[in-house]
Amino acid sequence: MQNKAQKAIAAALSATLTFSGATAPALFLNTAYADEASDLQSQLDAANARLNSLYAQAEEASEQLNDTQVKLDETNAQIDSLNQQIEEQEKELKQKQDTLSDRVAANYKSGSTSLLDLLLSSHSFEELTSNIYYATKVSQSDAEAIAEVKNLREELNNNKSQLEQQKSEQESLLESQKSQQAALTAQAQEAQSYVDSLDSQVKAALEQQRQQEAAAAQAAAQQNEAASQQEANNAAQQNTNNNGGGNNGGNSGNTNNNGGGNNGGGNNGGGNNGGGNSGGGNSGGGNHGGGNHGVSGAWRSTVVSAAYAQIGGTYVWAACNPGARQFDCSGLTMYCYSCAGISISHSSGSQSSFCSKPISQAVAGDVVWRPGHVGIYVGGGNTIEALSPGQGIQFVSGGLYSFSRCGSPV
């Protein structure tokens, strides 16, 4: 009897050793692949953090560029207005000069001093005016009128010179900002390529790890099954040897006394687990309050609808191209408001001027602002934003709370 028991123990031990030996290399490989995947994931997380930082810098540069473009447009408009005023003053000055010339001609028609002498002795119109004034005592009102027009013309020309200088500086700044944005965009694109390659490596490593784990699990299952079968065979053999052949089961009573029919399986209460009363229908999901954010006026719903229509569009620096669904952040807000007939500038800096409310007072349709970035508030704490070239235009759940202020120009 002792000999048989020892054989059974030895067989079980052998099966266990066989199983352990088969799975050890697989476990080692799994650990190696897991370490590789973890290391790649860490690199990917770091690369994503840098990419997001570059996108944020590029967006800030883009909005500064937009702001400079808005100011340059305003300067050009002022220059155009000044040019028109200068042209009008030139006409008025010419009229007054003609009037003065006619008066001088009349005064000297019979005089001893020749008008030709005065003209020839004067080196400029100003000198001629002075000579005529002192020589003939032209009426004070005529002289003052001419001086007033001349002074105004000089003032307008000075203003124009200042604006031309301002325009030149703004154009230089614009070119510098374009270069800065281009450099940041190139860095962001390079970082995006690196992230994409890392992402592919991580996916490949994780897939390889998964395949190795699946293969190891399958091998372990097969070894376990073989060991279990061997153990069962050994136990059956031992049982056969110990039963005494044909005298082993006449009174075993297994058939009638095992109580199998009374195991209570039918009364396990499965039908009363309360699953039907989980309360899922009363979760309150419909009462989150999204419809009660005080949307007042058709223009607000128009702005919100326009924003929703652009979800999935493309982020492009300094863009506002509804036909191609290409926008940057302030281009998107400008477009949505234009759909409601409201004009705002293509610049987050300019749009910040009317974002004077705290975020807690946001109303659907408001522009939401933080330094360098804007979006559209659509209610329920959510926003629609042009985020970055990698993310495009998205519905951002809870996005409201990343902004500082909100408001509208209406």
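Heads up, the Cβ atoms here are built off N, Cα and C, so glycines get one too.
Just so you know, TrEMBL annotations never went through curation; they're auto-generated.
Quick look at what TrEMBL lists:
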- 30-103: coiled coil (COILED)
- 160-178: compositional bias 'Low complexity' (COMPBIAS)
- 215-242: compositional bias 'Low complexity' (COMPBIAS)
- 243-293: compositional bias 'Gly residues' (COMPBIAS)
- 297-410: domain 'NlpC/P60' (DOMAIN)
- 159-178: region 'Disordered' (REGION)
- 215-293: region 'Disordered' (REGION)
Spatial neighbours of the region 'Disordered' (159-178) far in sequence, C-beta under 8 Å, 6+ residues away: 61, 64-65, 68-69, 71-72, 75-76, 78-79, 82-83, 86
The compositional bias 'Low complexity' (160-178) - residue tally per DSSP class, helix then strand then coil: 19 helix, 0 strand, 0 coil
Residues of the domain 'NlpC/P60' (297-410) by DSSP state, where helix covers H, G and I: 40 helix, 34 strand, 40 coil
Within the predicted model, mean pLDDT of the domain 'NlpC/P60' (297-410): 95
